[in-house]
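Colleague: As annotated in TrEMBL:
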REGION    1-75  region 'Disordered'
COMPBIAS  1-20  compositional bias 'Polar residues'
COMPBIAS  31-51  compositional bias 'Polar residues'
COMPBIAS  64-75  compositional bias 'Polar residues'
DOMAIN    192-438  domain 'ABC transporter'
TRANSMEM  550-573  transmembrane segment
TRANSMEM  585-607  transmembrane segment
TRANSMEM  637-657  transmembrane segment
TRANSMEM  664-689  transmembrane segment
TRANSMEM  695-714  transmembrane segment
Amino acid sequence: MEKGSQSSSTTLARTKSDQLVETLAAAFKSPRQSDQQTPPGTSESGGTLSRKSSKRVMMGASPRRSSGDNNNTYIRKSRSAQMKLDLEELSSGAALSRASSASLGLSFSFTGFTVPPDEIADSKPFSDDDIPEDVEARTCKMKFQTEPTLPIYLKARDGELCKDQRTWLTLSGSVFSFGQMRTCKVTSTKERRFTDVTYKVIIKGMTSCEERDILNGITGAVNPGEVLALMGPSGSGKTTLLNLLGGRLIQSTVGGSITYNDQPYSKFLKSRIGFVTQDDVLFPHLTVKETLMYAARLRLPKVLTRQQKEKRAVDVIYELGLERCQDTMIGGSFVRGVSGGERKRVCIGNEIIINPSLLFLDEPTSGLDSTTALRTIQTLQDIAEVGKTVITTIHQPSSRLFHKFDKLILLGKGSLLYFGKASEAIVYFSSIGCSPLIAMNPAEFLLDLANGNLTDISVPSELEDKVQMENSETETGNGKPPPAVVHEYLVEAYESRVADTEKKKLMAPLPLDEELKSKVSSSKRQWGASWWQQYCILFCRGIKERKHDYFSWLRITQVLSTAIILGLLWWQSDSKTIRGRQDQAGLLFFIAVFWGFFPVFTAIFTFPQERAMLGKERAADMYRLSAYFLARTTSDLPLDLILPVLFLLVVYFMAGLRLSASHFFLSMLTVFLCIVAAQGLGLAIGATLMDLKRATTLASVTVMTFMLAGGYFVKKVPVFISWIRYMSFNYHTYKLLLKVQYQDIMPTVNGIKTDSGLKEVGALVAMIFGYRFLAYLSLRKMQLHCEA
Ligand SMILES: Nc1ncnc2c1ncn2[C@@H]1O[C@H](COP(=O)(O)OP(=O)(O)OP(=O)(O)O)[C@@H](O)[C@H]1O
């Protein structure tokens with residue numbers, strides 16, 4: 001807000017409490033303070049000073065950076081801040097920086113219109129003696145983070161204002177559809193004066209099509225060296241905005257513009273952005289160290305050797321304080337592993353390992369105790385301090401956490417209620433008549449406002465008049481205006497007082513050289529490893545992650561007990577009589593069905609279960625889809641082939657099948673072919689549907705059809721449906737197993753010619769590749785869909 005606009009403040013009348021506060025503040029205001037007034041909500045968003053440099057400038061004012069006696073004096077004073085606000089301190093504005101979190105609301109309500117000078121606003125207005133020592137110590141620990149990175153300035157603004165970049169604006173783009181939503185045309189956002197970054201979805205019901213605004217014009221900017229917090233009630237659009245800014249939501253759904261060093265999002269940025277999602281997406285069976293090692297090997301640039309990459313992973317472990325649990329499994333719903341806080345830190349480690357220029361975090365502190373949450377945010381601050389740009393959503397931070405943020409975006413129902421310095425937020429709201437009436441955590445105060453709840457908050461006179469005029473209609477019963485009216489007021493207040501100024505600031509071009517800008521716009525992807533290295537790393541990771549599933553005693557017991565029961569039922573069966581051969585045919589058919597059924601249902605889970613991980617890792621350009629696909633499908637093979645060997649060893653000899661090494665190994669090979677073909681079908685179904693319920697339903701119908709068409713139950717199949725058997729791996733496996741057993745003994749068995757069986761081998765091999773190719777195409781289609 002400009003001084004001028006503040007002084008005129010014609011649009012919004014001040015409340016009685018504000019006027020009282022103003023009188024008090026005026027009495028205490030020193031000439032120095034009035035000279036240095038910085039209008040609230042008008043942070044230097046275009047500036048390039050990092051937090052570090054700004055702190056250096058204000059060494060005297062910032063207690064954290066002062067040392068020795070100064071520091072002790074500060075701590076002593078901050079402790080007494082709640083009990084005693086001496087006039088001298090108040091008049092110099094220092095009281096603001098010293099007031100504890102609890103007294104903050106109160107002190108702001110007393111200094112309602114007294115805007116703190118820049119350096120005070122920048123300093124930490126709470127006692128740092130509350131911070132655990134290890135947090136402070138960690139500040140000097142960040143080593144590799146100090147390596148230079150490409151500085152990235154992020155801006156979100158109105159496309160209309162940016163006419164020179166119109167080629168990539170999407171003011172009338174189309175809305176992408178998820179699930180029941182359909183692709184629809186979005187109306188132009190031009191007529192909305194302050195509609196900047198917008199996002200809409202079209203929800204298609206049974207009979208109607210509903211358009212829903214998720215974000216209504218968000219303007220903001222964040223620079224290297226700063227931590228921007230996105231705050232707002234649940235459902236206000238924080239995650240959506242974070243995803244938009246992080247390039248995780250497709251561009252065509254977005255109105256307005258988002259720029260990185262004044263350039264649009266490009267593939268180059270994928271490897272410069274770290275994105276920590278709300279849900280921890282990690283492999284539960286890998287240890288902390290393994291997780292970070294694989295991330296380092298896949299994501300760090302090719303120029304680093306394997307040893308250097310692994311050393312980086314170890315550095316991250318130490319820097320995030322994970323050394324004690326580095327050999328513990330991550331764990332998940334069914335496996336006990338590291339704690340929630342440690343898991344979150346592993347997620348952060350996974351992203352900071354690449355030393356990203358931009359770091360996005362969705363609720364990094366949710367579910368953490370206050371000390372761990374503080375430590376996590378302190379880590380973010382450390383990361384920002386060395387020139388990274390950090391953006392995080394946060395639900396309800398403690399006051400200590402709140403003061404660690406440089407900038408704040410407050411959202412309410414998808415609209416912008418405040419953008420500016422976090423330290424000036426309360427001053428801004430006081431200036432529009434909303435001040436806390438009791439001591440309150442600033443974050444709690446802001447969330448109450450964003451929710452439209454004015455309990456213990458002064459009601460602006462404009463709203464008070466409205467309540468009185470409309471009385472019964474608008475009043476909530478406690479004399480406070482209803483939340484919808486408060487929301488409308490706050491949106492209007494921001495738009496009329498601050499938004500224009502902020503937009504103008506964002507229009508100023510960045511003082512960056514062209515090389516830096518053009519780097520960002522490059523569409524060249526940068527892989528951390530060659531295709532072959534990616535394949536090998538993913539192959540090893542796959543084996544490590546899934547060996548627990550395969551070697552579970554439950555599974556071994558299941559296979560062995562089935563084998564023993566079969567062996568007992570077919571104990572030393574006779575192949576010389578017709579009846580004996582018929583029995584053996586039944587056993588061979590069961591083997592074909594058993595090893596066709598199992599792999600389909602195991603493979604079905606592969607891609608739907610890894611969807612989140614695949615999405616996350618591909619969004620960061622960690623590997624090529626083909627390398628992942630091949631590694632994922634081949635890493636299962638060695639493990640998949642161990643259990644059938646055990647099974648066949650038991651059944652074959654107990655049932656007294658043809659005793660010769662060649663016949664045993666050929667039978668084994670046939671079962672292997674069946675397993676790999678069946679897996680292919682499972683992978684194809686899973687990748688095509690990507691939904692476990694639908695996939696298992698389709699798979700059970702398919703497997704049952706294949707089994708019935710397998711040639712054992714029904715021999716004379718009507719011609720119009722007989723083609724199904726050729727698609728059935730059970731049919732080919734059964735025939736092949738019969739041929740292996742009875743070749744050279746008799747020309748036909750159960751109506752099947754005992755020839756060499758090359759046709760069946762050919763059909764199974766075709767299935768192995770065909771189903772997998774289908775699965776790959778489905779995955780690629782899904783990826784393109786997400787990246788489009
Ligand atoms: N693709 C979508 N389809 C329908 N509604 C959506 C979609 N994406 C977001 N929304 C809706 O937009 C609103 C904002 O969602 P978002 O997840 O961004 O909120 P949030 O502020 O992050 O909430 P929380 O703090 O609870 O995570 C919610 O009401 C959500 O239901």
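The backbone N, Cα and C atoms fix where each Cβ goes, glycine too.
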Colleague: List, by number or range, the same-chain residues at least 6 past the transmembrane segment (585-607) whose CB is under 8 A from its CB atoms?
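Modeller: Tertiary neighbours of the transmembrane segment (585-607) are 562, 566, 570, 573, 614, 632, 636, 640, 644, 647-648, 651, 655, 671, 674-683, 685-687, 690, 692, 695-696, 699, 702-703, 706-707, 710, 712, 729-730, 733-734, 737-738, 741, 749-750, 775, 779.
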Colleague: Can you work out the mean pLDDT of the predicted model over the domain 'ABC transporter' (192-438)?
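Modeller: The answer is 86, the mean pLDDT of the model over that range.
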Colleague: I need to check the long-range neighbours of the transmembrane segment (695-714): which residues 6 or more away from its ends have a CB within less than 8 Å of a CB in the stretch?
Modeller: 585-586, 589, 592-593, 596-597, 600-601, 604, 608, 681-682, 685-686, 689, 721, 724-725, 727-731, 734-735, 750, 752
